[in-house]
Amino acid sequence: MPENNSSKWTGLRLALLVLFLVLYLVIGSVVFSALEGPMEQKEIDEIKKLRAEFLGNHSCISDAELERLIVKIVKYSERGVSAVRNATMEPNWSFGQSFFFAGTVLTTIGYGHVAPLSDGGKAFCIFYALIGIPLTLIMFTAIVERLNIPVTVFLQYLLNKMQHLASPFHIRLVHLFLVIGLVLLFIFLIPAAIFTALEVEWNYLDSFYYCFISMTTIGLGDYIPGEHPDQQSRTVYKIATTIYLYLGLIFMMLMIAVLYEIPELNLGIHFYMATAGSGDGETTYLQARNGGPNYTQQIDEPVHTITKSYKRQLTSDSDEESPAAVQNK
């Protein structure tokens, strides 16, 4: 009976979550439409004006001929071939550009600004991704697992030093905010400043926006580093950007792993179903955590198996030195 009640409550919460997300989608649609609609209409009017001026100055070209030319240019531009580049420009499939493309495929960022045009390239991309993406995720998980050891040791240090000043939960929050602050500084703020200095047409907001869109693997492709015609050392720049993407995703996964170590912040336990034969929330929480933080399609394995001994020590130390335990003494 308790299990049925628990399932009903989690089902109700899930239904409310679905309704909230539908409403959230509607709100996002309205806001984006209100913000971007006027800008789009302004650019449409500008294009119509330029087109009319061009036809007026070149009476030998008909409107139909210009339309066919524009359609072809747009078609090839959408496939990564720009008509504004001259013959001295580096092609899309130079080593640096290809290295950057391969990196965005394996990290599932996929900007979409360049894509294979040949049937052979498309077929190879499928098999390349099928093999490379799982291996990349395994590598990310293994690295995060090892990085979490010193992070957990630092948490133990904070618990030992601050156990008489705050509860274990608040100490874990301090630890989480420190990790978030470091990630924000070294993965977002500093790289954004570097991109602002290197990219001629980017301001700081554009650069920060690119970092956020990339680190969340959204990958819209509206801002791509190293695409300016006058970009120097393009190959080195593309390789360095690819390395930044890999390092950034690793530390994003580490930050999410630290977040998942705080049960009170794991909202998923309020929506997951309890395992059969167990109606307690702790079992549900453990089941949810075994899936690990689902980031960039992470494999369903615990991220921190190496640090189990540290976790046991943290749990025992926290229980022993909690305010309630001290009061009982």
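Including glycine, each Cβ sits where the backbone N, Cα and C put it.
Feature annotations, courtesy of TrEMBL:
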- 12-35: transmembrane segment (TRANSMEM)
- N86: N-linked glycosylation site (CARBOHYD)
- 89-147: domain 'Potassium channel' (DOMAIN)
- 95-114: transmembrane segment (TRANSMEM)
- 126-159: transmembrane segment (TRANSMEM)
- 171-195: transmembrane segment (TRANSMEM)
- 184-260: domain 'Potassium channel' (DOMAIN)
- 207-224: transmembrane segment (TRANSMEM)
- 236-260: transmembrane segment (TRANSMEM)
- 310-329: region 'Disordered' (REGION)
Which sequence positions outside the transmembrane segment (236-260), separated from its termini by at least 6 residues, show Cβ-Cβ distances below 8 Å to it? 96-97, 99-100, 103-104, 107, 109, 140-141, 143-144, 147-148, 151, 175-176, 179-180, 183, 186-187, 191, 198, 211, 214-217, 225-226, 266, 289, 292-293, 295-296, 298, 303-304
What residues in the same chain, six or more past the boundaries of the transmembrane segment (12-35), come closer than 8 Å to it by Cβ-Cβ distance? 270-271
Close approaches to the transmembrane segment (171-195) from elsewhere in its chain (Cβ under 8 angstroms; 6 or more beyond its ends): 151, 154-155, 158-159, 162-163, 202, 204, 207-208, 210-212, 215, 225, 244, 247-248, 251-252, 254-255, 258-259, 261-262, 265
Please list the DSSP helix, strand and coil residue counts for the domain 'Potassium channel' (89-147). 41 helix, 0 strand, 18 coil
